[in-house]
Amino acid sequence: MKRFYRDSQRIKSGNFNASYKQAPCKSFTSFIFCQDKNGLQRQDNLRLIKDGIHETCSRSIRTYDRISDEKRYFNLKRCYRTVSHDPHLNLKKDENSRSSRYNKKIFLAGGIISLFSLVWFFVEEYVQDNKLRPILNPTKFTPFEIVKRDTISSTSFLLTLQTYLKNHPSLDPDPYKEWWEKGIWSVEAKQPEMQIARSYTPLPPLSGESLENIQLLIRKEYRGEMTSYLNRLYTGSPLQLRGPRQEFEIPKEVSQVLFFAGGTGIAPALQVVHHLLERRIVNGNSPSIHIVWANRRKEDCQGDGRDVVIGKNSLTSPGENYNPIVKYLEEMQRLHPDQLKVQYYIDEENIILTPKTVVQLVTSLNKEPPYPEGSRLILVSGPEGFVEFIAGPRELENGKLGQGKLGGVLGNINPKEWNIWKL
């Protein structure tokens, strides 16, 4: 443009330079035409650019105006919603708002009351359950803890169990009093792996044990699922018990007892001793107990033998391996020398309980001063073979194991003066 302007001024002034002869335009007329054409093209371009800028600005202004109109519309709409000129609509809105707030308060209060009532119910139920629930349940298994394990021999051991409720303030210090005062009772121990249960006879407190504890004498049996499970347990292990179950209620008129025990069958005999000599209130004649305990091995009844008789011979074994059961029997003999007698028979020592021995024992007791009718009782407890040998086998009666007919050695002599019961 500057060059075109200068050239135009020179042409008007007549100062034309020959240098333009080499210009692209061959003549002055064509030169002028070319310059005008370029100028017009530039003007057209400038006009197009100006029109584009104007169109863009117009469009932006229209868009801004449209957005502003929409914003104003929505602002007005919001204001209309907030401030309505309809008094009925405003009143209805206020009532709905107050009703909603009132319902929320009622719901919150109801939830708090329900939660408080539920917590109170569970707390009261827990307190009552622990207050009234006995240590043992005859229909449900109750967990106990093994607090002590004593080895009696290579084939038997003693477990001392304690309830998990031992620290409860309402716990009865003598929770099994009712059962001790009735006679012979048992509990069932559960094997959770095989879901089986077996009855065991609790022992009385042998050496100052708490009355809350339960002591079970366990005999290891070959391939016995229950005894194998109990043998694997250690101190601190849980064991579930169910009961008690009354095995035999000793009549109040009983004053003389002859007890034949084989192996672990000594447990019910200890219950009889505890019942008659420590629990029963004596009215008239003092009860008399004679125990015959038969074992295969000497280790099952190890003791010092100061007051114990085996047949006709005294037991002279040393006292370092003291059996707690023997110790308890000796202590009872010391406290009640005229009421308790114990005889030991051991197959290993060739001191065997024979039919002749049984007959002689029953005959000698019959020679004692007469007792009132119904006051003499013979109890037999132990393995099936031992019970069958003494009094005949037990038989099923109405789906349950009953007494069966009297047989064995006692069946041959038929002691009518005695009531006989198989455990």
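Keep in mind that glycine also has a Cβ here, set from the backbone N, Cα and C atoms.
The FAD site recorded in TrEMBL includes R198, Y200, M226, and the single candidate from L211, L217, L233 that the record places there is L217. Among R198, Y200, L217, M226, the residues given in the record as binding FAD, the maximal Cα to Cα distance rounds to 13 Å. Each residue in A189, S199, L216, I218, R219, T227, L230 lies on the same chain as R198, Y200, L217, M226 and has a C-beta within 8 Å of the C-beta centroid of that FAD site, without being one of the site residues. Note on L217 (FAD binding site): other Cβ atoms within 10 Å of its Cβ, all shown chains, come to 23. The local packing around R198 (FAD binding site), expressed as other Cβ atoms within 10 Å of its Cβ over all shown chains, amounts to 17. Shown are the binding-site residues Y200, M226; of these, the residue with the fewest other Cβ atoms within 10 Å is M226.
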